[in-house]
Amino acid sequence: MTNIRKTHPLLKIINSSFIDLPTPSNLSSWWNFGSLLGVCLAVQILTGLFLAMHYTSDTTTAFNSVAHICRDVNYGWMLRYLHANGASMFFICLYMHVGRGLYYGSYMYSETWNIGIILLFMVMATAFMGYVLPWGQMSFWGATVITNLLSAIPYIGTDLVQWIWGGFSVDKATLTRFFAFHFLFPFIVSALVMVHLLFLHETGSNNPTGIPSDSDMIPFHPYYTIKDILGMLIMLTALSALVLFFPDLLGDPDNYMPANPLNTPPHIKPEWYFLFAYAILRSIPNKLGGVLALVLSILVLAIIPMLHTSKQRSMMFRPLSQCLFWLLVSVLLTLTWIGGQPVEYPYVTIGQVASILYFLILLIFMPLVGMVENYLLKW
C-alpha cells in the first residue's frame, strides 16, 4: 500500500515541499535562514494576535493599553517584548537571508528573488506601522517624519500625505488605519511566502558552489529538518535571552513617553533595522532625491541579476568578489551606525561617502570585478 503522505491531496503537497523534497547535499548553515524566517513570522503572528486582543487603536487610550498589557495581562509583558524583539530577530534573519542570496548567486532564480524583494518591502512596511502603534513620542514623530516624505512626490505629494493621514496631521484616523494594516499585512506576507516557496521548488535550491547539484541530491527529511530544528533552537534561545534579560536593549527610551505633538524629540530615528536606509535618506540634502535614494537602496536588489557578469554563479571561488561583498557589509554597518547619530560633522560626511560606496559597489564594482575575474581565469 502506498504511504498516505504520497496520496492524500493535502499531505502530498506538504510531502513534496518538506519531506521527500530533493535537496543538494552540501547546503551550509546559511541555508537555515529561510526556515528561521518562517518561525519568526509564526511567532510574530501569534504574539501579535494575543496583543491585538488587549490593544486599543485610539489616540487617547493606545499608550495606556500597552501599559495595561505589560502590567495587568497574564504574561502580557512577555508577549509585548517577544513581539518587539521578535521583529529584530526577523530583520536579522532577513538581512542574513538576502546576504546569502547575494553571496551565492541565488538571485539567478529571478522569480524567487523578485518575490523576495516584494516580501522585504512588505515586512518593512509592516514593521514601520507596528512601531507607530504604542503611540509613544518616537512612534508619533517617526510616523510624522516618514509619511511626510511622500510630500516630496511632485504634484500629488501633499494630497497623498493627507490621504494617508486621514486629516491634516498624524492623528486618530492615522493610528486606526495603521493598526488595521499592521494586522492585515502579515497574512498577505504569509501568502507571498507560499508563492516564494512555489517558485523556489520549481527550480530547486541553489548550493554553496553554484554548480548544478542534480546528480547529488538527498531527501529534505531527516537531514535538513534536524538541521533546521537546531537553527530554530539557537534563534529561540537568543530571542528568549533578549526578551528575558535585555527587553529594552534595542528600543528607544523616548517611546516610554506618551505622544506629544507639541514637543519634538531631539533625535528622531527609526528602529535599528531601518537605520541604514535612514542614513541614505539623510545623506542627500534634497527631499525628493533623499526619498528616491531611500527606495532605491532596497529596489537596487531587483537589478542585481541583470548585472551578473561572472561565468561562475557563486562567490565561493571568487576572492576578489568576496572582498567587495564584505566591504559592502561593512558599508551597511557604517550606515546603520550613522543613521543613529545626530546630523552634524563628521557624521554627515561619513554617511554621504558610505551611501555613494553602497551604490557604487552594487551597481559598478561588482559587475566590473566579475569581468576581471573572468579575464584572470581566461574565460
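Here the Cβ of each residue, glycine as well, is placed from N, Cα and C on the backbone.
Residues or ranges marked as heme b b562 binding site by Swiss-Prot: His83, His182. Sequence-distant contacts (6 or more apart, same chain, Cβ under 8 Å) of His83 (heme b b562 binding site) comprise Gln44, Thr47, Gly48, Leu51, Gly130.
Look at Swiss-Prot and you will find His97, His196 tagged as heme b b566 binding site. Taking all protein chains in view, 21 other C-beta atoms sit within 10 angstroms of the C-beta of His196 (heme b b566 binding site).
For His201 (ubiquinone binding site), the same-chain residues 6+ apart in sequence whose C-beta sits under 8 angstroms from its C-beta are Ser16, Ser17, Leu21. Annotation source Swiss-Prot lists ubiquinone binding site at His201.
Sequence annotations record features per position, and here Swiss-Prot assigns transmembrane segment to 33-53 (among others) based on similarity to another entry. Note on the transmembrane segment (33-53): residues 69, 79-80, 82-83, 86-87, 89-90, 93-94, 96-97, 100, 130, 182-183, 186-187, 189-190, 193, 228, 231-232, 235-236, 239 of its chain, located 6 or more positions outside it, place their CB under 8 angstroms from a CB of the stretch.
If you look up Swiss-Prot, you'll see 77-98 (among others) marked as transmembrane segment, on the strength of similarity to another entry. Within the chain, the transmembrane segment (77-98) has long-range Cβ neighbours (under 8 A, six or more residues past its boundaries) at 30, 33-34, 36-37, 40-41, 43-44, 47-48, 50-51, 66, 69-71, 116, 120, 123, 127, 130, 235, 238-239, 242-243, 247, 250-251, 271-273, 301.
Long-range contacts of the transmembrane segment (113-133) within the same chain, counting only residues at least 6 positions beyond its ends with a Cβ under 8 Å from a Cβ of the stretch, are 48, 55, 57, 62, 66, 83, 87, 90-91, 94, 97-98, 101, 106-107, 139-140, 142-143, 146, 174-175, 178-179, 181-182, 185-186, 188-189, 192-193, 195-196, 199, 270-271, 273-274, 298-299, 301-302, 304-305. Look at Swiss-Prot and you will find 113-133 (among others) tagged as transmembrane segment.
Taken from Swiss-Prot, the feature transmembrane segment covers 178-198 (among others), and the record attributes it to similarity to another entry.
The transmembrane segment annotation in Swiss-Prot covers 226-246 (among others). Under 8 Å from some Cβ of the transmembrane segment (226-246) lie the Cβ atoms of residues 29, 32-33, 35-36, 39-40, 43, 78, 81-82, 85-86, 88-89, 93, all in the same chain and six or more residues away from its ends.
The feature transmembrane segment is assigned by Swiss-Prot to 288-308 (among others).
Beyond the ends of the transmembrane segment (320-340), by six or more residues, the same chain brings 99, 102-103, 269-270, 272, 274-280, 282, 310, 347, 350-351, 354-355, 357-358, 361-362, 365-366, 369-370, 372-373 to within a C-beta distance below 8 angstroms of the stretch. Taken from Swiss-Prot, the feature transmembrane segment covers 320-340 (among others), and the record attributes it to similarity to another entry.
For the transmembrane segment (347-367), the list of distant contacts is 279-280, 282-284, 293, 296-297, 300, 303-304, 307-309, 321, 324, 327-328, 331-332, 334-335, 338-339, 341: same-chain residues at least six beyond its ends, Cβ to Cβ under 8 Å. According to Swiss-Prot, the feature transmembrane segment maps to 347-367 (among others).
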